[in-house]
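Peer 1: What follows is a structure written as structure tokens; I'll ask about it next.
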Ligand code: FNR
């Protein structure tokens with residue numbers, strides 16, 4: 001099988017993973033409108049082709065929060081990454097590290113913070129959810145800070161979990177889920193190691209470390225299900241702002257008013273995101289939400305964006321729409337599930353190559369020159 005894109009990796013991941021895991025990654029909420037729009041709206045963004053400007057010297061690097069990135073990309077936090085490939089967080093983090101881009105660990109990772117940090121040279125980013133169990137939040141923050149994580153990504157678009165029908169059908173959630181997961185795992189030819197489904201409990205890293213006992217997938221789903229916190233407001237974030245010494249980024253902003261609130265709150269950055277279409281279906285794609293948010297806060301706060309980015313051209317498009325940097329979720333997760341660390345490394349190389357093509361054909365030699373001037377405004 002020839003692999004030259006994220007969608008090739010998606011097909012390879014589908015062959016390799018038991019269906020409940022593939023659909024957990026691939027799916028979105030309700031009718032999956034926003035999931036599709038994220039990709040389709042980006043693909044519709046037309047850039048101005050310019051020619052004959054000597055594009056032999058291109059620089060794809062940027063500086064973000066005092067860190068140098070070889071391309072303006074970071075890996076989005078993705079829960080249960082260590083289930084898609086063995087010790088998956090370590091593998092993804094190492095590929096990101098080698099490429100010179102940040103890896104953001106999800107708070108619901110399989111590998112604990114302390115396992116990943118020593119395996120990479122760059123400081124890791126850490127993502128936190130709002131959970132009712134403030135003890136978990138405090139514990140995770142303390143451990144992330146002690147381990148030397150640089151940037152805190154605080155995800156605010158999941159005060160409640162989205163309704164994901166595929167998960168109910170696939171056995172990821174719902175009645176008899178554990179039994180259905182078990183059957184899929186044991187009957188799936190290429191996926192047969194322990195994930196808390198095979199009799200041997202698997203540590204779900206950060207949560208196990210906090211609870212002080214191994215937690216398999218069923219315990220984890222129960223813990224998380226009981227701990228989403230719809231009461232959260234900006235006020236509740238103040239102690240975190242106080243506590244966290246490094247940059248703090250708010251993930252899940254889709255509205256210019258919320259972006260302004262993030263500036264007032266004193267965040268260092270926002271991530272324009274609809275959680276990859278996994279939360280409120282029907283909301284704007286990130287590509288469509290971004291220009292108004294950039295109008296409201298560009299220059300006052302760093303703007304990152306994710307949801308729908310599948311290639312290097314999409315990276316350039318997101319930046320032209322107003323982002324300072326871009327994050328990728330499924331694109332690298334498919335590559336990880338299909339081919340581990342080497343897959344993620346390859347995917348990141350593809351992104352850079354494709355970015356270079358897009359920059360050459362739009363005649364911009366630096367990321368700072370990728371602006372809304374590049375957009376074609378059709379009459
Ligand atoms: C996510 N996302 C996510 N976000 C977060 O803040 N914490 C998390 O634990 C997770 N978990 C998670 C699991 C899976 C399987 C997916 C696909 C996504 C959302 C993620 O960070 C990011 O916002 C989206 O993946 C971006 O959309 P694309 O790039 O997947 O289209």
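Including glycine, each Cβ sits where the backbone N, Cα and C put it.
Copying in the features that TrEMBL gives for the protein in this structure:
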type     : residues                                : note
ACT_SITE : 275                                     : active site, proton acceptor
BINDING  : 24, 129, 164, 275, 278                  : glyoxylate binding site
BINDING  : 24, 129, 164, 278                       : substrate binding site
BINDING  : 77-79, 106, 127, 155, 251, 273, 306-330 : FMN binding site
DOMAIN   : 1-379                                   : domain 'FMN hydroxy acid dehydrogenase'
Peer 1: So of all those binding-site residues, 129, 155, 313, 318, 323, which one's Cα sits nearest to the residue listed as 'active site, proton acceptor'?
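Peer 2: Closest candidate to the residue listed as 'active site, proton acceptor', judged by Cα separation, is 155.
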Peer 1: Which one is it: of the binding-site residues 24, 129, 164, 278, whose Cα lies the shortest distance from the Cα of residue 313 (FMN binding site)?
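Peer 2: Looking at Cα distances from residue 313 (FMN binding site), the smallest one goes to 278.
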Peer 1: Using residue 318 (FMN binding site) as the reference point, find which of the binding-site residues 24, 164, 278 has the shortest Cα-to-Cα distance to it.
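Peer 2: Closest by Cα: 278.
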Peer 1: So which binding-site residues out of 77, 155, 313, 328 are up against ligand 1, CB under 6 A?
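Peer 2: Close enough to ligand 1 are 77, 155, 328.
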Peer 1: Between residue 155 (FMN binding site) and residue 278 (glyoxylate binding site), how far is it from one CA atom to the other, in Å?
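Peer 2: About 13 Å separates the two Cα atoms.
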Peer 1: Going by DSSP, is residue 278 (glyoxylate binding site) part of a helix, a strand, or coil?
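Peer 2: It is coil.
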Peer 1: What whole-number Å value do you get for the CA-CA distance of residue 323 (FMN binding site) and residue 24 (glyoxylate binding site)?
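Peer 2: Here the two Cα atoms lie 27 Å apart.
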Peer 1: Please work out the number of neighbouring Cβ atoms within 10 Å of the Cβ of residue 164 (glyoxylate binding site), leaving out its own Cβ.
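Peer 2: Around residue 164 (glyoxylate binding site), other Cβ atoms within 10 Å: 22.
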Peer 1: To the nearest whole angstrom, what is the C-alpha distance linking residue 328 (FMN binding site) and residue 278 (glyoxylate binding site)?
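Peer 2: Cα-Cα distance, residue 328 (FMN binding site) to residue 278 (glyoxylate binding site): 14 Å.
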